[in-house]
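K.L.:
Sharing a structure, written as structure tokens. Questions coming.
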Amino acid sequence: MVGCAEYKNAPMKLPKEVAQELAETAKKLVAAGKGILAADESTQTIKKRFDNIKIENTVENRASYRDLLFGTKGLGKFISGAILFEETLFQKNEAGVPLVNLLHDEGIIPGIKVDKGLVSIPCTDDEKSTQGLDGLAERCKEYYKAGARFAKWRAVLVIDPAKGKPTDLSIQEVSWGLARYASICQQNKLVPIVEPEILADGAHTIEVCATVTQKVLASVFKALHDNGVLLEGALLKPNMVTAGYDCTEKTKTDDIGFFTVRTLRRTVPPALPGVVFLSGGQSEEDASINLNSINVLGPHPWALTFSYGRALQASVLNTWQGKKENVAKARAVLLQRAEANSLATYGKYKGGAGGSTAGASLYEKKYVY
């Protein structure tokens, strides 16, 4: 007779106290009405942002800008966590206050970008793999000591039906890399945000995006399972299901809501606490409206919220212009945008926050950061 011993052909379980901490942190990150501020732009990417407002990309200016963001009073009402670039995790403002302390003052959980960028996958037509697994465990330990409680790793795929993209090889590579990263993070008490971004590049229809996104997410969750990742202590950061940027058919926001929700229901286990969408180059306003269209289709088995970078910061940067006298106005803009997205998580955003400038597209082809 077969006894009740545990099945041995399975990954080792996390210690109970670690699993509990991860699950609690993940739930806090997707608390009702809150989302995540993605402020993890690399030094090269923030240079592009600063070039647009004609300020120099110096350590001091980067610290001043992050101080503007994190020092916004009341931000914690709408923002649960902030993803930081490594430099920012250890940085101080002009007054000598660590920037992470500003987040703590608002009850915002610090997180950290841990991937090391993209490289081409051999034997593919420039499809990408993400670097950064080497030494990740040691880095996670240091990030945890510095106050980080979650991490983010971005993988990228492109849709090109004529070239068969994404190939099965690239989907497999992306899925396995995300799963290994997630497992390493959890072993070191960091909640992993799993980001398989399908870029908006291309002229494909929304139906094609739905098919590809479904295939990718199914592969990702299979890999997470195979690597013993605790779903209750992880979050997913996917693209919304939209048509390609160059598609001639204008996509309605209701269709984005329908196809996105259908795709998630077909692929994402309810054990996962939440999904934090990336904005993917949508305008600030579109990112809020489309998130609203997703949430009006609830109730859902997971929290569906936001993890926006450009869609929270574009108008803030344009208002700030690198000038101290504009900091208060820029912070007011950030609060307005954060509140709009908070309302969208309830399906109660009516549109109009930020005026006409919030409708400007933030799309960048082959976006890297």
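Going from the start of the chain as shown, residues are counted 1 onward.
Every residue, even glycine, has its Cβ placed from backbone N, Cα and C.
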K.L.:
For the D-glyceraldehyde 3-phosphate site, Swiss-Prot lists Ser42, Thr45, Lys113; sort out which one of Glu173, Glu195, Glu197 goes with them.
P.N.:
Glu195
K.L.:
How far is it from Gly281 (beta-D-fructose 1,6-bisphosphate binding site) to Thr45 (D-glyceraldehyde 3-phosphate binding site), counting Cα to Cα, in Å?
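P.N.:
So the alpha carbons of Gly281 (beta-D-fructose 1,6-bisphosphate binding site) and Thr45 (D-glyceraldehyde 3-phosphate binding site) sit roughly 14 Å from each other.
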K.L.:
Between Gly280 (dihydroxyacetone phosphate binding site) and Glu195 (D-glyceraldehyde 3-phosphate binding site), what C-alpha distance do you get in Å?
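P.N.:
Computed Cα spacing between Gly280 (dihydroxyacetone phosphate binding site) and Glu195 (D-glyceraldehyde 3-phosphate binding site) is 12 Å.
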K.L.:
Count the other Cβ atoms sitting within 10 Å of the Cβ of Lys152 (dihydroxyacetone phosphate binding site), across every protein chain shown.
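P.N.:
Within a 10 Å radius of the Cβ of Lys152 (dihydroxyacetone phosphate binding site) lie 27 other Cβ atoms.
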K.L.:
Check the Cα distances from Ser279 (dihydroxyacetone phosphate binding site) to each of the binding-site residues Arg49, Glu195, Ser307 and keep only the ones within 10 Å.
P.N.:
Ser307
K.L.:
Roughly how many angstrom lie between the C-alpha atoms of Lys152 (dihydroxyacetone phosphate binding site) and Thr45 (D-glyceraldehyde 3-phosphate binding site)?
P.N.:
17
K.L.:
If I take the Cα of Glu195 (D-glyceraldehyde 3-phosphate binding site) as reference, which of the binding-site residues Asp40, Arg49, Ser307, Gly309, Arg310 has the closest Cα?
P.N.:
Ser307
